[in-house]
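Step one of this worksheet: look at the structure below.
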Amino acid sequence: MGNADYECPHRVEIPPAKPFLKALKSSLKETFFPDDPFRQFKNQPPSRKFVLGLQHFVPILEWAPRYTFDFFKSDLIAGITIASLAVPQGISYANLANLPAIIGLYSSFVPPLVYAMLGSSKDLAVGTVAVASLLISSMLGKVVSPTENPKLYVQLALTSTFFAGAFQASLGLLRLGFVVDFLSHATIVGFMGGAATVVCLQQLKGVLGLVHFTHETDLISVMKSIFSQVHQWRWESAVLGCCFLFFLLLTRYFSKRKPAFFWINAMAPLCSVILGSILVFVTHAEKHGVQVIGHLKKGLNPPSVSELAFGSPYLTTAIKTGIITGVIGLAEGVAVGRSFAAFKNYHIDGNKEMIAFGMMNIAGSCTSCYLTAGPFSRSAVNFNAGCKTAVSNIVMATAVMFTLLFLTPLFHYTPLVVLSAIIMAAMLGLIDYEAVIHLWKVDKVDCIVCLGAYVGVVFGSVEIGLVIAVTVSMLRVLLFVARPRTFTLGNIPNSSIYRSIDQYPDANNVPGILILQIDAPIYFANANYLRERISRWIYEEEDKLKSSGETSLHYVILDLSTVGSIDTSGISMLEEVKKNVDIKGLRLVLANPRSEVIKKLEKSEFIEKIGQEWIYVTVGEAVSACNFMLHTCKPNPGETEVNRKDDNV
């Protein structure tokens, strides 16, 4: 690029200063209100603002006036379909949590009604979830035995549900939904897969008809418990369990092959419960080692506010259990809701979902329910059944209410082995090995995070797996912040475009000029690293030019186009880099500093030190200016007297 190509560069403008309060307000709005929920209130009269406010916090008031009979027909079918799945799953997951089976049914009545009023998803089907049930069992079971002290155990489960709801609602009200985002996709895949494996192993107790079983969840403890009781295995129970598991897996396989027959898979758990109950009643199998549910009392949810154990010595454990299960429930529920919303091309508000989840769990804890969320299996059935709105949850709750009032005695002979088979069939679908293979192909570190979570859950405990996954994810984030990438840029032939030489091998180095791009904000965490890395780039470039006999290095251009912000440590780093560059007789040039960066550079007086004339809008203009100086044989402004004397010698 010769002298003729050089044009007067554009000046880099410094944005006008904003008052502190205005800047703070703008920053907080960007952080906590990226969706600008208040835009609908602008220029509205007070009465209209009141109505809009109610509709914002209670979404059913917004869509109910537009509800049609056609919608109701679709929601009725979907609601009845998911109710057929909710009843056996509710009983099964309560059994997994070591809670009375009736609490599982209670949990499919009140929470869905609350969610239907407050939730923003049209497809999410509310109910108990296996992973949360396992967490409750493993965490509370360590401090209170569900068999020796069942009343206190139930009280702690209800208390942990209350704190889970309070935590979820707080996140939504304070617009802190991004906290859940720290559970990455890889973390959730590994954690869910590990939890599903552990749940399946735990169900071997029911399949083999064992009475005594370990409270630990790790693979070694479970295997030791199983094989130390070989003499107590019940072949009748094992045969029954394997037959029903095969039936459930077969119906799921058929429904996947023929999506129009999704209802077969949805009805399979209820059919298994009915067939198992009839078989036990006819053959009196309960007298031959096949355990049954037993008596379930009729009636709707009794109030349980007085059962919340706020004064218990185990309150800390209940709070910890509530927060962990609350986060897992949120992560699964919001992810499932967003997935199905994408299919139907509508948006769900993550913060509204958190408030809805929190309120339904607070209400549930006061009405004999334990933690509920939006399980994928039930939501998938709801979606495939053609639901139109959250009314399908109301229909499901009504069906469960009918069951609680009139049908609970029919579950007396339901064999526990059938419930174990239902849980195992559901959990096998959560072990997503294809996702692990995909992670390995796309991102090896994500795959390591996933496998770390899986191994931690399976060989340690659910809490250990979660801690490992979150820790590795956080370390990865810190590594990206503390060790940002830097690139050398070259000129794409026959253009004024400058791109990474690693990505574009055909890009040409500009003689006498080193162009570096910093690919991250500059903070205290990475300032020292960037200073050392820039110095190393300069040393390497000088050595390369010296060995090849090419033009010596004169200019170092820093492309700041991807540096969104900078702090005082970052500014100090740039000052040190400038001093080092000056000592070498080189000139430091900046290109395309962003708005926040140039404002801070101006306030710190760094612009005066480097010179306004050495800050350019684009890399192309910076290169043109440097080439102009080189080709007009003007002395390099950054050279010292000693350097020039050495050159003359």
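Just so you know, glycine gets a Cβ as well, placed from its N, Cα and C.
Automated prediction, rather than curation, is the source of TrEMBL annotations.
Quick look at what TrEMBL annotates:
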type	residues	note
TRANSMEM	99-118	transmembrane segment
TRANSMEM	124-144	transmembrane segment
TRANSMEM	156-176	transmembrane segment
TRANSMEM	233-254	transmembrane segment
TRANSMEM	260-282	transmembrane segment
TRANSMEM	354-373	transmembrane segment
TRANSMEM	393-411	transmembrane segment
TRANSMEM	418-440	transmembrane segment
TRANSMEM	452-479	transmembrane segment
DOMAIN	503-626	domain 'STAS'
By DSSP, what is the split of the domain 'STAS' (503-626) into helix, strand and coil residues? 66 helix, 21 strand, 37 coil
As a test: from 233-254, 260-282, 354-373, 393-411, 418-440, pick the stretch that has the greatest number of Cβ pairs under 8 Å with the transmembrane segment (99-118). 354-373
Here the stretch out of 124-144, 354-373, 393-411, 418-440 with the most C-beta pairs under 8 Å to the transmembrane segment (233-254) is 418-440
Please figure out which one of 156-176, 260-282, 354-373, 418-440, 452-479 racks up the most CB pairs under 8 Å against the transmembrane segment (124-144). 354-373
So, do the transmembrane segment (354-373) and the transmembrane segment (452-479) meet, by the test of 3 or more Cβ pairs under 8 Å (sequence gap 6 or more)? no
Contact set of the transmembrane segment (156-176) with the rest of its chain, CB cutoff 8 A exclusive, min separation 6+ beyond the ends, reads 32-33, 97, 99, 103, 136, 140, 143-144, 304, 307-310, 312, 314-315, 317-319, 321-323, 325-327, 329-330, 351-366, 368-371
Counting only residues at least 6 beyond its ends, the same-chain positions whose CB falls under 8 A of a CB in the transmembrane segment (418-440) are 88-89, 91-93, 95-96, 130, 186, 189-190, 192-193, 195-197, 199-200, 203-207, 240-241, 244-245, 248-249, 252, 269, 272-273, 276, 293, 376-377, 446-447, 450-451
Who are the long-range neighbours of the transmembrane segment (452-479) in its own chain, taking Cβ under 8 Å and residues 6 or more past its ends? 131, 134-135, 138-139, 182-184, 186-187, 189-191, 193-195, 197-198, 216-220, 324, 328, 445, 525
Same chain, outside the transmembrane segment (260-282) by at least 6, Cβ under 8 Å from its Cβ: which residues? 81-82, 84-85, 87-89, 91-92, 240, 244, 247-248, 251-252, 254, 290, 292, 381, 384-385, 410-415, 417-419, 421-422, 425
